[in-house]
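Enquirer: Dropping the structure in here first, questions after.
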Amino acid sequence: MEYLNNATSGNPLPAGSGTVNKILCCECGVPIEPNATNMCVPCLRSHVDITENIPKQAVIFFCRNCERYLNPPNEWVQCGLESKELLSLCLKRLSGLKQVKLVDAGFVWTEPHSKRIKVKLTVHGEVMNDVVLQQVFVVEFTVNNQMCDDCHRTEAKDFWRCMVQVRQKAVNRKTLFYLEQMILKHRAHENTLGIKPTAGGLDFFYATDAHARKMVDFLQAVLPVKVTNSKKLISHDIHSNSYNYKYSYAVDIVPVSKGSLVCLSKRLAQQMGHIAPVCLVTKVANSIHLIDPQTAQLAEVQNMAFWKNPFEAICNPKQMIEFIVMDVEFRDQKAFPGQGPVSMRHTLADVWVVKASELGLDDSTVHVRSHLGNLLKPGDTVLGYDLRDANVNNGDFEKLSADTIPNVLLVKKSYDKTVRKQNRNWKLKHLAEDVALDTDIENDYNEFLEDLEEDPELRQNVNIFKDSKRQQMPVDTNDMDDPSVPRITLEEMLDDLVLDDAEMGDG
């Protein structure tokens with residue numbers, strides 16, 4: 001301890017004097033320089049302690065899950081060891097610092113796992129008769145573990161404040177599989193407390209309404225959806241006039257998927273460039289992409305336009321049957337005035353097909369005008385809809401004349417599914433890895449994988465990873481000999497993170 005004398009002596013020393021007159025301490029009699037208290041430093045320390053109101057031990061709380069410290073009353077802040085943020089937090093825990101002047105503060109090194117933080121402080125305090133004392137001392141902080149509110153809600157699996165319910169009323173689930181990959185690619189699920197798969201979609205649980213709204217905005221940006229919200233009062237404090245609500249968002253996805261056959265209303269068909277009412281869905285992204293198989297005319301139905309004039313699938317991909325191509329004759333692809341855009345990726349052709357189940361039993365062929373002329377050749381197998389035997393219950397479809405309804409519509413070329421599945425050396429990630437799939441869902445998932453192989457534009461929005469187990473297996477070359485078989489190249493695949501690479505290499 002040292003003292004700083006701010007008082008000036010009454011009798012100035014004579015000029016040229018190099019010595020200072022000393023006095024005896026009034027307590028112990030030791031010669032000292034004159035000061036206002038007439039006491040030496042040890043005696044003054046025994047009588048006055050400027051740090052008596054400052055606690056020498058204190059407690060701070062630390063959350064081990066999120067590694068944050070409690071800043072009373074209820075704020076949790078991120079601080080590193082021996083950082084200025086942690087030093088400020090420790091000084092706020094000392095209530096007696098207001099009575100003295102803090103001159104210096106710093107950390108004293110301790111073991112990181114000791115749960116102790118020591119801070120060395122230097123303070124000035126004014127005592128008797130305008131005398132300022134300086135004292136250096138150490139305050140020891142004990143770090144106690146306490147779970148913060150956010151982590152406590154996360155650990156409570158059933159807790160949620162906001163829920164986003166994603167549903168699609170469709171037989172095929174390919175659109176939901178596409179949405180799952182979009183969520184994984186853009187990491188839109190980072191703030192979720194939990195994800196629960198259901199029969200018709202997914203449920204996302206959140207702790208705050210802001211995180212739930214962020215997910216809803218993401219869904220509206222990637223798919224045509226309709227959102228409805230509701231809230232339920234949980235508690236109400238009449239004294240502070242505060243309310244506690246639980247919010248729910250219901251997100252309905254359009255009930256169609258890629259490969260679905262739809263029938264447009266007369267008004268909507270006119271708005272889409274006088275496209276034929278019976279169309280195929282080629283893609284479901286932020287809008288619905290349609291194509292007329294008989295003219296290769298394209299149309300794009302936006303989100304608002306769909307919900308003003310909604311339509312459903314009159315035939316879904318599970319109703320497609322196999323046809324054998326007997327002959328193909330190309331046609332000139334010309335656009336007429338008033339027609340919408342025409343696809344340049346497809347070629348119109350007259351195709352004569354026979355049902356695969358009737359091959360050899362009935363020699364009569366069916367004439368089909370198709371947009372798959374660039375893919376088909378005699379002997380190929382193609383999937384399509386037979387509208388002659390289809391049981392369609394749709395008001396707009398019943399209004400059409402029989403002359404405008406085609407007998408058969410071809411959707412896509414068919415390949416050997418077993419061989420394609422065996423030669424598939426890539427994989428996708430999922431939100432829930434340990435979910436058991438039934439037969440119907442597994443078939444829909446395999447169709448989604450086939451769509452990824454056949455559509456390069458669809459693959460741009462999906463992260464495809466190399467399957468190390470598949471790549472080490474021998475590849476069947478029977479299917480690889482056909483250059484028309486769609487496949488994903490190694491340049492389009494990403495390397496998956498494998499934690500046991502060294503162990504696999506040693507094996």
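From the backbone N, Cα and C atoms, a Cβ is placed for every residue, glycine too.
Sharing the record's features from TrEMBL:
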type: DOMAIN; residues: 25-253; note: domain 'Nmd3 N-terminal'
type: DOMAIN; residues: 258-303; note: domain '60S ribosomal export protein NMD3 SH3'
type: DOMAIN; residues: 320-413; note: domain '60S ribosomal export protein NMD3 OB-fold'
Enquirer: Taking DSSP states H, G and I as helix and E and B as strand, how many residues of the domain '60S ribosomal export protein NMD3 SH3' (258-303) are helix, strand and coil?
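Expert: Helix (H, G, I), strand (E, B), coil: 7 helix, 19 strand, 20 coil.
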Enquirer: Summarise the domain '60S ribosomal export protein NMD3 OB-fold' (320-413) by DSSP state, stating how many residues are helix, strand and coil.
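Expert: Helix, strand and coil residues of the domain '60S ribosomal export protein NMD3 OB-fold' (320-413) number 10 helix, 37 strand, 47 coil.
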Enquirer: Mean pLDDT across the domain '60S ribosomal export protein NMD3 SH3' (258-303), rounded to an integer, is what?
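Expert: PLDDT averaged over the stretch: 92.
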